[in-house]
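Noted in Swiss-Prot for the protein shown:
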type    : residues                       : note
BINDING : 71, 72, 73, 84, 88, 89, 90, 98 : substrate binding site
């Protein structure tokens, strides 16, 4: 399934010096977002920096949203994760896409201009329509909380 997304290039290096967002493989769910920096940016341990991706998107339909997610290698190898853990882009947002990068590692980490820093995933959205009830239908799990379904 595909969905047309309007893309506005805010940094002219995108498409020339830096590739436009693209799926790395046919099975990729996320499009890589790049750091549109003028110079390398050193992020000290426990520091958070807001980094421009150089683009804005408009999803255009209320049944679609996008998320900005971390790149697994940056988090696992270098401790670089998203400062807000996940970014939610509503269908009617038209502003610039920014990435909050947090260095939760023990060493400084340098992000260079054009580095892949996050990924954008476009998702279908179902609008909830609440039905107020006195009791829920019985399920096997019931109201069991954290850890109630076991480890296996």
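Just so it is clear, glycine is given a Cβ too, placed from its N, Cα and C backbone atoms.
Across 71, 72, 73, 84, 88, 89, 90, 98, which the record gives as binding substrate, the greatest C-alpha separation is 26 Å. In the three-state DSSP reading, residue 72 (substrate binding site) counts as helix.
A simple Cβ count within 10 Å picks out one of the binding-site residues 88, 98 as the most packed, and that one is 98. If you count neighbouring Cβ atoms within 10 Å for each of the binding-site residues 71, 72, 84, the highest count belongs to 71. Summary for the binding-site residues 73, 89, 90: the Cβ-based neighbour count within 10 Å is maximal at 89.
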